[in-house]
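K.L.:
The following block contains the structure, expressed as structure tokens.
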Amino acid sequence: MKDEQLYYFEKSPVFKAMMHFSLPMMIGTLLSVIYGILNIYFIGFLEDSHMISAISLTLPVFAILMGLGNLFDVGAGTYISRLLGAKDYSKSKFVSSFSIYGGIALGLIVILVALPFSDQIAAILGARGETLALTSNYLKVMFLSAPFVILFFILEQFARAIGAPMISMIGMLASVSLNIILDPILIFGFDLNVVGAALGTAISNVAAALFFIIYFMKNSDVVSVNIKLAKPNKEMLSEIFKIGIPAFLMSILMGFTGLVLNLFLAHYGNFAIASYGISFRLVQFPELIIMGLCEGVVPLIAYNFMSNKGRMKDVIKAVIMSIGVIFVVCMIAVFTIGHHMVGLFTTDQAIVEMATFILKVTMTSLLLNGIGFLFTGMLQATGQGRGATIMAILQGVVIIPVLFIMNALFGLTGVMWSLLIAESLCALAAMLIVYLLRDRLTVDTSELIEG
């Protein structure tokens, strides 16, 4: 490993190390928001609601592809960081090689299984009439690019795992920039419409994956793309998938709960959907910053779990303090200028009032959400597969019974408060799990919970 990477893992001041790993990830998560709206933005110029609907309907499929990537990227990434902390550099080559080619194989399976049924999958997603063919065509490009999409997720995670978060950010930035260039050319220049939007995203993922491959081939002695090293054993599979499977479940279940929430909101009409949509966009930015902070330090926690548990404890404390500062700043902003923030999106006073209320509720849950992110990342980093699995399931399903109960008791207001209640339950569960596993973590995590 390079001396600079070792410096941030082992010797730099804790806050400096935290920012080194987290800042690129924060920027990367914000870029993912831009990435998600680019296609709809450009397609919007065509003023065809069917095309916009087609792209929106494919979001669950992208979430599934991301979840499939998580099988390898989160599990193998945290395992590699732990191996580096234990100075076992040779084993990390075998882990990375297996994960890279395992991810490619998974993508090829997606092509074989899903591509022939693109029309049927589009119908299951809700596409009807003119939207059906458009959605199916978009899906076909997505499925064909699946190996590269999954590979992109894996390699981006590996860059952070070995202590090169700036490379991770550069790869994501290059992908988004290329997408911005390609979308108008393919959509308008070649008159490909929805297919052009899909191709722009696919080509961007291919280019980013190639960027990471070239980087690792030239600069890394701990990540290998040599297929001859892709030889898994029982220990390797256990270490990868005991964390990868919970990460996969979390992605799938979170998408499912989002669908359930939408169904409850739809019961109250466009007024409720619009109000929640505005508040969601506003709270998404601090939430993604906190998510980037928590996910960014996962390699740092994993590395020091094997080499310096006192430093690991200091990193966790620094992250908790940072989450607290972000939370306080956001709460002050929401309770002082929340109306004006919502007013940037609509002039309908009824929606402004409801969206402002929802914004206050969802922002109140930001602190608990952050604790949940951090402790889930901590369980992943330290290889606590059972705890990570429990958290993945809880974060995906707890909100569902809460939604039913609160909706029955308090209507739309209850639906909104259910978000805070569910986050509170998940945060308490995360703290309890970490407390129960404190001996395995071999650091006094009870201090972190008790203050």
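Keep in mind that glycine also has a Cβ here, set from the backbone N, Cα and C atoms.
Copying in the features that Swiss-Prot gives for the protein in this structure:
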- 26-46: transmembrane segment (TRANSMEM)
- 52-72: transmembrane segment (TRANSMEM)
- 97-117: transmembrane segment (TRANSMEM)
- 139-159: transmembrane segment (TRANSMEM)
- 170-190: transmembrane segment (TRANSMEM)
- 194-214: transmembrane segment (TRANSMEM)
- 245-265: transmembrane segment (TRANSMEM)
- 282-302: transmembrane segment (TRANSMEM)
- 318-338: transmembrane segment (TRANSMEM)
- 355-375: transmembrane segment (TRANSMEM)
- 390-410: transmembrane segment (TRANSMEM)
- 417-437: transmembrane segment (TRANSMEM)
K.L.:
Using Cβ atoms only, state whether the transmembrane segment (390-410) and the transmembrane segment (245-265) have three or more pairs under 8 Å that are 6 or more apart in sequence.
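P.N.:
Contact between the transmembrane segment (245-265) and the transmembrane segment (390-410): present, because at least 3 Cβ pairs are under 8 Å.
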K.L.:
Can you tell me which recorded stretch out of 52-72, 97-117, 139-159, 282-302, 355-375 has the most Cβ pairs within less than 8 Å of the transmembrane segment (170-190)?
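P.N.:
Stretch with the highest Cβ contact count: 139-159.
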K.L.:
So, do the transmembrane segment (52-72) and the transmembrane segment (139-159) meet, by the test of 3 or more Cβ pairs under 8 Å (sequence gap 6 or more)?
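P.N.:
Counting Cβ pairs under 8 Å, at least 3, so yes.
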K.L.:
Quick one: find which recorded stretch in 97-117, 282-302, 355-375 has the most Cβ pairs under 8 Å with the transmembrane segment (139-159).
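P.N.:
By the under-8 Å Cβ criterion, the transmembrane segment (139-159) pairs most with 97-117.
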